[in-house]
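Annotation comment: Swiss-Prot describes His359 as active site, proton acceptor, evidence class sequence analysis. The UDP-N-acetyl-alpha-D-glucosamine binding site annotation in Swiss-Prot covers 6-9, Lys20, Gln71, 76-77, Gly136, Glu151, Asn166, Asn223, Arg329, Lys347, Tyr362, Asn373. Residues annotated as acetyl-CoA binding site in Swiss-Prot: Ala376, Asn382, Tyr383, Ser401, Ala419, Arg436. Annotation comment: Swiss-Prot describes 1-225 as region 'Pyrophosphorylase'. The region 'Linker' annotation in Swiss-Prot covers 226-246 and is backed by sequence analysis. Taken from Swiss-Prot, the feature region 'N-acetyltransferase' applies to 247-452, supported by sequence analysis.
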Amino acid sequence: MDVVILAAGLGTRMKSSKPKVLHRILEKPIIDYVIDCAKSLNPFNSFVVINPSLKEVAEHLEKYNIKIVFQDEPKGTAHALLSALPYLSSDKILILNGDTPLLRKETLDSFIELFNKNGLDMALLSFYPQREHSYGRILRDGEQKIKKIVEITDFKDELMLSSEANSGIYILKREVAELVKEIKQNPNKGEFYLTDIVEIAVNKGFNIEAYPLAEENELIGINTRAELSLAMRYLRDRIVKGWMEKGITFYDPALVWISPSVTIGQDTIIYPNVFLEGDTKIGQNCLICQGVRIKNSIIEDNVQINDCTVIENSHIKSASKIGPFAHLRPDSIIGKGCRIGNFVEVKNSTIGDGTKAAHLSYIGDSEIGNNVNIGAGTITCNYDGQKKHKTIIEDNVFIGSDTQLVAPVKICKGAYIGAGSTITKEVPEDSLAISRTPQKNILGWAKKKRKQ
């Protein structure tokens, strides 16, 4: 079986400089969903038909082992298939649309099985719409045999005769596909409609059937920003439902966004307004609170992420507590049982087990050991105006509040840093470092000031 994905439309209704099929749904381009679904069927060949002006699409498709066919002129879906026909080598052809990203492999498996089982020459995937749409309708005769497909723009009166809509997804034999050469130009739009192949094939005695195997939401085609938003919500609902069936609790399923590549462990609880993106992996029995965004990160078991925390390309080990209002920037590793508290920013740093930075700190380009206490207001001064430098803090160090550690610098294990210090040199093991100006009390000064 060959698969042909029709993606030559210019997508003018999207009002965008970006090609329609490259717009993203939960971080993934629309056409990637279709290609991945097609590839899961293990076809003999896969083709994508695009307009030559869509150079961005052609460049995007280079990462796939897929053949590109150019439709030199935008003359409609029939002309798009005609452009691909010389390159097809299989007796069966599955036709998909590049703007229908929610189609599932299970649906196509059933569709292909029915086509083969019933010895058909062509099959259509149909559905019964519940909302207003622009899909053509499938007309049947008194014996419920298919007669033709009528487009909503051309035959509005006839549409009252049928509520069965055409999804634009077909499987057909090569000899039926050849009939695309007989399709006439539509007088209203000047295009060649692939839907007209049905009436031609019926009149020639080919065996054709339509199967309503999918819900309307699965077959949504994206032509506008409103439909893009709708598809995002449908996919979100599908993903969240799947995770609930696997033992995840969502306080409000309609207010979370989870990318398809994310994984979540059992008994994790997720609050509203949470975004889990990229290749994020959440362990078991975690708590993800309101307003959290996690991207391309590993969160191990029993971790608590408190409100309004952002985590990017980082690794948090088990039983740690992060936030609220914390920011873990890329390449940060947080050890087991750590506490990274409110308004703490960590960047490109490794923090050992049991270490606490509870308030108002910046930790950048640092290597921090186990059981370290980092006082409120501590800053690793890692940038000298030209390049970044490393701070090393060994095990069991106590850093007092409002400390500046001017990198490169090392604090050896067991050392104490007095509050308000600026540390520029190595601090030896088990010693106290303090660099603040000695306190001076001027007796009676305030009383004199008030009398002035």
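Just so it is clear, glycine is given a Cβ too, placed from its N, Cα and C backbone atoms.
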Euclidean distance between Cα atoms of Tyr362 (UDP-N-acetyl-alpha-D-glucosamine binding site) and Arg436 (acetyl-CoA binding site), Å: 20
His359, Ala376, Asn382, Tyr383, Ser401, Ala419 filtered to the recorded positions whose C-alpha is within 10 Å of Leu6 (UDP-N-acetyl-alpha-D-glucosamine binding site): none
Largest CA-to-CA spread of acetyl-CoA binders Ala376, Asn382, Tyr383, Ser401, Ala419, Arg436, angstrom: 22
DSSP-derived helix, strand and coil totals, residue by residue, for the region 'Linker' (226-246): 20 helix, 0 strand, 1 coil
Using Cα positions only, nearest of the binding-site residues to Gly136 (UDP-N-acetyl-alpha-D-glucosamine binding site) (Ala376, Tyr383, Ser401, Ala419): Tyr383
Rounded distance in angstrom between the Cα atoms of Ala419 (acetyl-CoA binding site) and the residue listed as 'active site, proton acceptor': 14
Proximal residue to Asn166 (UDP-N-acetyl-alpha-D-glucosamine binding site) among recorded positions His359, Ala376, Ser401 (C-alpha distance): His359
For the region 'N-acetyltransferase' (247-452), mean pLDDT (0 to 100): 98
Candidates Lys20, Arg436: member of the binding-site residues with the richest Cβ shell (10 Å): Lys20
Rounded Cα-Cα span from Tyr383 (acetyl-CoA binding site) to His359 (active site, proton acceptor), Å: 21
Residue among the binding-site residues Tyr362, Tyr383 whose Cβ has the most other Cβ atoms within 10 Å: Tyr362
Local Cβ density at the residue listed as 'active site, proton acceptor' - other Cβ atoms counted within 10 Å: 15
Using Cα positions only, nearest of the binding-site residues to Ala376 (acetyl-CoA binding site) (Ala8, Lys20, Gly76, Tyr362): Tyr362
Neighbour count (Cβ, 10 Å) for Ala376 (acetyl-CoA binding site): 19
Fewest other Cβ within 10 angstroms of its own Cβ, chosen from the binding-site residues Asn166, Asn382, Ser401: Ser401
